[in-house]
């Protein structure tokens, strides 16, 4: 097969991040220099982001049987690159105090970003599996990066074992789907499934196993047990990546899979997904009520956010608006999570043992870091879905899609879940304004707003507010990001 210049341009983000991985590897082999490797990584990710403009000029195409580059792939590639950039930015001050090798951190983030970009354009079950593994394997190392702390090491072992089990379920499910249909490409699967094959037990078993594997990666109930422990044990910058890039990339590819394969037409699959969404929304919110650790709280809340997204996925067959709802919701979730985890990262930098993740560490923060407290408040309000924030626009879309598809019981779950969520998000926000304790145990640096991480957090807060009041630019971008059918 000959590769044309157009195909090379379409693959630019993938090639640039791949090249950055090689350059950073050689740089580490040549001389360990934390600043140099961090700069190379950030430059590579920025170059990949800029290259999306050229990809857009190039038009949509199938580059190989495995990868399809279209507006949809570009949107999710952009979101993954933004999350990876923020992760590297938050990691730099955190790693400054880290005693062991610092440079490999960036290498692992870049490899995981490579997996995310591959997933955004995946058009084949082989690409889906490769992408998921490329994201998961570096995360085993990243979650346990602070391995001298028992909690980080424990989180890494839990995540590794459960992730391996989930991958085997996913692979076995794919094998059963292949045995039944004789195809692995999304489009070919869609064609063969359209011929009333959705009642075959072997195919339903394969889809069931794939839902188990993907449910683990997306931390949906009942495959969520690793989530709070891993979010708490992982370093704050890694939790940022886990909550944003990996979830966005995997949900993006699941959405494409469901779009091409009319799986939603099967009543059995719809009921199973509906029950998973309902359980994730209610359980995630109820468990977050009693948490006193911010990272654990955000872990449980991420379970409920993916439950909300699942409502749009189930409604996918009933209209175009579901794609739009998911795009807007994920963008809002990305910026809100970057801000919230960014504040935790700033409070925990440089590395001094455990992160500043207990709710008590944030009590009275307003009285000596007013702007940082305002940012955290905006993020909590956005995650809760309060009007005038981007989180509200996303939640409104999900509710509209649910109503349009007549999923009344799931719409009720979203409303009840949001009401419960309001309590624990406001609990975090209110604690920032209480009287400060006599002795501060953790605090952000006094010049935090001039650091790269501080700038990322401030930009996230600004985007959440501006796009919450005037969401049209974001909605226009998401509407352009249509998958090639």
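A Cβ is built for glycine as well, from the same backbone N, Cα and C atoms used for every other residue.
These features come from Swiss-Prot:
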TRANSMEM  8-28  transmembrane segment
TRANSMEM  35-55  transmembrane segment
TRANSMEM  75-95  transmembrane segment
TRANSMEM  105-125  transmembrane segment
TRANSMEM  127-147  transmembrane segment
TRANSMEM  159-179  transmembrane segment
TRANSMEM  235-255  transmembrane segment
TRANSMEM  271-291  transmembrane segment
TRANSMEM  297-317  transmembrane segment
TRANSMEM  326-346  transmembrane segment
TRANSMEM  374-394  transmembrane segment
TRANSMEM  455-475  transmembrane segment
Statement: Same-chain residues at least 6 beyond the ends of the transmembrane segment (235-255) with a Cβ under 8 Å from one of its Cβ atoms are 72, 76, 79-80, 83-84, 86-88, 90-91, 94, 109, 112-113, 115-117, 119-120, 122, 128, 131-132, 135-136, 139, 142-143, 145-146, 152, 214, 217-219, 295, 298-299, 302, 306, 309, 313, 316, 323, 326, 330, 333-334, 337-338, 341-342, 344-345, 348, 351, 355, 357
- line: Within the same chain, the residues 6 or more beyond the ends of the transmembrane segment (8-28) and with Cβ under 8 Å of it are 36-37, 40-41, 43-45, 47-49, 51-52, 54-55, 58, 61, 63, 67, 69, 77, 81, 103-104, 106-107, 110-111, 113-114, 117-118, 121
- prompt: In the same chain, which residue numbers or ranges, 6 or more beyond the ends of the transmembrane segment (297-317), come under 8 angstroms Cβ to Cβ?
  reply: 218-221, 224, 227-228, 230-232, 239, 243, 247, 251, 254-255, 258-259, 262, 264-265, 270, 273-274, 276-281, 283-285, 287-288, 291, 323, 325-326, 329-330, 333, 337, 340-341, 359, 383, 395, 397-398, 401-402, 404-405, 407, 410-411, 413-414, 417, 421, 424-425, 428
- request: Determine whether the transmembrane segment (455-475) and the transmembrane segment (75-95) share at least three Cβ pairs under 8 Å, counting only pairs 6 or more apart in sequence.
  value: yes
Query: Which range out of 35-55, 75-95, 105-125, 271-291 gives the transmembrane segment (326-346) the most CB pairs under 8 Å?
result: 75-95
Beyond the flanks of the transmembrane segment (105-125) by at least 6 residues, Cβ under 8 Å: 13-14, 17-18, 20-21, 24-25, 28, 37-38, 40-41, 44-45, 48, 62-63, 65-70, 72-77, 80-81, 83-84, 87-88, 91, 95, 131-139, 141-142, 145, 174, 177-178, 184-187, 189, 241, 245-246, 248-250, 252-253, 256
